[in-house]
Amino acid sequence: MSTAAARPGRRFTVGRSEDATHPDTIRAAISEFLATAIFVFAAEGSILSLGKLYQDMSTPGGLVAVSLAHALALAVAVAVAVNISGGHVNPAITFGALLGGRLSLIRALFYWLAQLLGAVVATLLLRLTTGGMRPPGFALASGVGDWHAVLLEATMTFGLMYAYYATVIDPKRGHVGTIAPLAVGFLLGANMLAGGPFDGAGMNPARVFGPALVGWRWRHHWVYWLGPFVGAGLAGLLYEYLVIPSADAAPHGGAHQPLAPEDY
């Protein structure tokens with residue numbers, strides 16, 4: 001698993017200037033780019049393929065199929081990246097880890113750029129390989145207000161970030177760490193079953209950004225940034241400061257040690 005889980009957190013840090021060109025930072029960014037592209041291609045592709053097979057996708061069976069595809073795709077994406085970059089595959093997860101002091105701001109910026117580019121490239125590849133099918137994007141269901149959706153996105157992403165912290169970052173995760181990709185992936189799928197009919201269950205700004213840019217659909221787009229960032233940020237702070245004992249997070253009486261270049 002990621003060495004990030006064994007590193008002390010507890011303090012927001014900008015990072016050192018050399019972090020921007022350090023090979024570990026570049027490798028981690030490439031890992032996030034590829035993992036996010038893998039996830040978005042399979043996730044968005046499952047929706048496009050369902051639309052190809054059936055005229056009406058808004059059925060219980062369709063929701064289950066798309067949720068399962070998202071769950072499995074995220075599990076694989078996290079698994080292939082967790083030992084290199086921490087397997088965030090989500091700007092909101094990166095934000096939660098940043099607030100918890102688990103990576104520097106410089107590295108977080110590289111992660112965000114890589115994740116967004118990965119989502120855009122995956123969506124473009126889907127449009128190219130499907131003969132120009134337009135990605136459906138995300139939208140609010142009838143009767144769902146903007147702030148209802150923000151709260152829903154925050155709640156679902158809070159759970160996702162909490163699960164990530166518990167299975168990937170927590171120093172005492174033990175053997176639970178071996179199921180981290182499945183735990184995070186299955187929770188994403190479960191949240192899609194719960195929230196999909198209301199706002200599409202984004203939980204991942206990169207996942208929403210790719211189809212929005214390629215399909216040029218920006219209505220309510222801010223909802224899928226604000227909600228996940230608030231939820232992930234709260235979960236990261238809660239787990240870092242209330243769940244992880246201070247002795248595990250910061251040795252020598254809580255003294256902070258600067259993040260090493262290999263930290264995620």
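Using N, Cα and C of the backbone, Cβ positions are placed for all residues, glycine too.
Copied over from Swiss-Prot, here are the features:
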TRANSMEM  28-48  transmembrane segment
TRANSMEM  62-82  transmembrane segment
TRANSMEM  105-125  transmembrane segment
TRANSMEM  149-169  transmembrane segment
TRANSMEM  176-196  transmembrane segment
TRANSMEM  224-244  transmembrane segment
Contact set, same chain, for the transmembrane segment (224-244): CB under 8 Å, 6 or more residues outside the stretch: 9-10, 90-93, 95-102, 138, 149-162, 165-166, 169-172, 202-205, 208
Intrachain neighbours beyond the transmembrane segment (105-125), with Cβ under 8 angstroms and 6 or more residues off its ends: 12-17, 19-20, 25-26, 28-30, 32-41, 44, 85, 88-91, 94-95, 97-98, 135, 205-207, 209-211, 213-215, 263-264
